[in-house]
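This report refers to the structure that appears directly beneath it.
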Amino acid sequence: MQTPGLPEEKPAQGCPFGHGAVASSVATPAADSGDGWHDAQLDFSESMSYGDYLSLGTVLDAQHPLSPDHNEMLFIIQHQTSELWMKLALYELRAALQAVHRDELPPAFKMLARVSRIMEQLVQAWSVLATMTPSEYTAMRPYLGSSSGFQSYQYRQIEFLLGNKNEQMLKPHAHRADVLAEVKASLEAPSFYDEVVRLLARRGFAISAARLERDWTQPTVHDASVEAAWLEVYRNPSQHWELYEMAEELVDLEDAFRQWRFRHVTTVERIIGFKQGTGGTSGATYLRKMLDVVLFPELWHVRTML
């Protein structure tokens with residue numbers, strides 16, 4: 001009941017993060033009440049916990065060092081977490097490709113931006129691995145056998161999805177029929193950029209038939225008709241805003257990918273110099289050659305033409 005002459009009292013409101021508990025108007029010390037702690041659920045015997053949801057038992061039990069060296073745990077976790085980020089990158093890129101195929105560009109922009117941020121995360125991860133010295137790596141290297149990041153089938157699918165196709169890169173996966181089928185499907189399917197070039201054609205640009213009907217298993221090469229289309233987009237961005245935004249999202253993505261490649265080669269040089277890689281490649285020399293790969297050639301060359 002309201003007391004005459006006094007302002008009306010408002011009913012106490014429950015904290016939106018308090019699981020329905022009514023907020024007290026008097027501050028109380030943060031202490032264990034005996035029945036719980038800050039209203040948090042503490043009994044998960046009949047409900048799903050954080051660890052259950054994330055399958056942490058499986059994830060955190062997936063590190064099996066083969067050497068007695070302390071630093072091998074870093075090496076394993078560096079690569080396992082990178083594979084998890086690559087899984088998400090593939091998930092987003094494939095969804096973005098399908099969105100472009102349906103002419104739904106705004107969702108594709110969000111997904112591409114997310115992939116670029118994933119690449120930035122992967123770039124920063126090299127700084128952690130770079131804390132391993134040559135002496136530390138030498139102690140554990142014999143235990144790696146011929147295993148190498150060169151054999152990462154998720155990374156290979158990202159390369160293929162971004163247009164850097166090479167049929168020879170199927171061979172490292174021939175011993176796993178399931179993986180081989182997955183990587184081969186990525187090789188034979190149109191790349192993300194191929195789908196964007198199709199989009200240009202659907203938007204009325206005169207893309208050559210040879211470009212639209214090319215062999216999807218081959219790497220992306222410069223095409224004059226595609227560059228002419230992008231030149232028109234960049235000269236009149238307000239008239240082709242979605243295509244303009246798509247172009248810039250792709251440049252952001254390749255820029256981040258180039259940074260990842262650069263940090264990869266410098267980290268390898270820092271740790272093993274110019275020794276042969278465990279997978280049989282020339283190591284840093286091979287990685288330096290990969291720095292010259294251009295994924296979206298017309299988008300870079302058009303800047304010179306403007």
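Using N, Cα and C of the backbone, Cβ positions are placed for all residues, glycine too.
Lifted from Swiss-Prot, the feature list:
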type	residues	note
BINDING	Phe75, Ile76, Ile77, Gln78, His79, Tyr137, Arg141, Thr278	substrate binding site
BINDING	His264	heme binding site
**Fill in**
If you rank the binding-site residues His79, Arg141, His264 by how many other Cβ atoms lie within 10 Å of their Cβ, the lowest count goes to His79
**Prompt:** Given Gln78 (substrate binding site) and His264 (heme binding site), what distance in Å do their CA atoms have, once rounded to a whole number?
**Reply:** 12
**Request:** Have a look around Gln78 (substrate binding site) and count the other CB atoms within 10 A of its CB, chains all included.
**Result:** 18
**Message:** Please list, in sequence order, the residues in the chain of Ile77 (substrate binding site) that are at least six apart in sequence and whose C-beta is under 8 Å away from its C-beta.
**Reply:** Gln63
**Message:** Cβ neighbours within 10 Å, counted over all protein chains: which one of the binding-site residues Phe75, Tyr137 has the most?
**Reply:** Phe75
**Complete:** By a three-class reduction of DSSP, Ile76 (substrate binding site) is assigned helix
**Prompt:** Once near-sequence residues are set aside, which residues in the chain of Ile76 (substrate binding site), 6 or more away, have Cβ atoms under 8 Å from its Cβ?
**Reply:** Gln63, His64, Pro65
